[in-house]
Amino acid sequence: MFEITQIDAHELEKTKLTLWQPKFKSFISKFLLQDLLSVETSIANLIQISPSKTQDLNNKICSKVIIKDYESLINWRDSFQAMIDFTRNRTENTLDQILLLQHEPVFTQGVNGSPNHVLNNKFNIPIMQADRGGQVTYHGPKQQIIYLLIDFERKKKEFAEFDLKFYARSIVTAMENAVVNILTHIGISKVHAKPDAPGIYIENKKVSSLGLKVTRHGTYHGIAINIDMDLEPFHSINPCGYAGLEMCNICDYINPQSLVSLELLTPEQAQNLTPEEFYSLVNSLINEYFISYLVNSFAYTEVYKI
């Protein structure tokens with residue numbers, strides 16, 4: 001059974017969590033500060049507005065976040081119920097969490113989703129009803145899922161102290177920017193978001209879908225990023241409600257030699273890399289930049305891992 005453990009800020013020392021550190025820190029650092037200059041709520045901007053208030057953040061619950069990376073495939077229904085339970089039961093002292101996971105094959109349908117967008121189900125994949133917006137999509141192995149369990153009202157109050165607004169759209173925009181930035185940095189061109197169709201596209205193909213649920217208790221759901229998944233099930237639906245929309249994988253656009261040019265691999269390492277090792281490396285790089293961008297955008301100063 002999938003469960004999300006609530007961690008109380010006042011019990012943090014007893015949990016003996018370790019600080020999260022990205023393995024690709026030197027690569028991420030080349031770009032991150034520049035990428036965050038236009039983000040009003042980033043740590044760098046808050047320091048400029050009020051260094052003293054920013055210093056005070058270190059003592060606040062809103063500045064701490066937990067990262068949890070699940071290794072095995074997760075049943076979507078179990079994770080959905082666990083996020084609902086976590087959000088309903090969280091208290092004013094519950095720390096925010098960012099969950100990294102992958103799902104067993106599943107189609108999920110948005111609140112106002114039309115059954116007409118499910119064209120066939122020749123793979124006998126479960127179709128589940130979600131409480132997010134949008135239409136039908138597919139989740140499966142080698143697609144990275146990142147769920148954001150954020151105390152939205154607490155974050156709003158935090159930024160209000162700096163005379164800044166924080167909206168649900170702020171979270172969506174941060175997710176979109178994080179993916180666009182990292183894909184651009186690893187050499188993929190024509191990466192963009194669409195204002196009228198949330199998600200990330202490479203040319204006209206969609207590589208990432210997102211959806212967020214915001215309640216008075218907090219947020220849940222998040223983003224799905226196609227790393228190197230089987231795209232065939234998408235042909236059984238109109239992805240996100242768009243007939244004929246093509247999906248793609250990040251690994252369709254880069255190869256080990258791409259990472260040599262970025263000095264992430266030596267030529268010898270690239271030559272000996274198996275497809276599974278290449279996928280794992282790309283997945284880790286995407287995850288680490290995404291988390292680094294989000295935690296800085298949302299003014300988290302302490303990042304722990306379970």
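Cβ atoms are placed via backbone N, Cα and C, with glycine included.
Curation plays no part in TrEMBL annotations; they are all automatic predictions.
TrEMBL lists Cys240 with the feature active site, acyl-thioester intermediate. As annotated by TrEMBL, substrate binding site applies to Arg132, Gly133, Gly134, Gln135, Val136, Thr137, Tyr138, His139, Ser209, Leu210, Gly211, Gly222, Ile223, Ala224. Per TrEMBL, the feature domain 'BPL/LPL catalytic' maps to 92-286. Residues or ranges marked as site 'Lowers pKa of active site Cys' by TrEMBL: Lys206.
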*Between Tyr138 (substrate binding site) and Lys206 (site 'Lowers pKa of active site Cys'), the C-alpha gap once rounded to whole angstrom*: 12
*Judged by the number of other CB atoms within 10 angstroms, which among Val136, Cys240 is the least packed of the recorded positions?*
Cys240
*Entries of Arg132, Gly134, Ile223 which, being binding-site residues, have CA atoms within 10 angstroms of the residue listed as 'active site, acyl-thioester intermediate'*: Gly134
*Taking just the CA atoms, what is the gap between Lys206 (site 'Lowers pKa of active site Cys') and Ile223 (substrate binding site) in Å?*
13
*Show which residues of the chain containing Ile223 (substrate binding site), separated from it by at least 6 in sequence, have their CB under 8 Å from its CB.*
Ile145, Ile146, Met175, Val179, Ser208, Ser209, Leu210
*Roughly how wide, in whole Å, is the group Arg132, Gly133, Gly134, Gln135, Val136, Thr137, Tyr138, His139, Ser209, Leu210, Gly211, Gly222, Ile223, Ala224 that binds substrate, by largest Cα to Cα distance?*
16
*So how many other Cβ atoms are close to Tyr138 (substrate binding site), meaning within 10 Å of its Cβ?*
26
*Where among the recorded positions Arg132, Lys206 do you find the Cβ with the fewest other Cβ atoms within 10 Å?*
Arg132
*asked:* Neighbour count, 10 Å Cβ-Cβ cut-off, for Gly134 (substrate binding site): what number do you get?
replied: 22
_Using DSSP and collapsing to three states, where does Cys240 (active site, acyl-thioester intermediate) fall: helix, strand or coil?_
helix
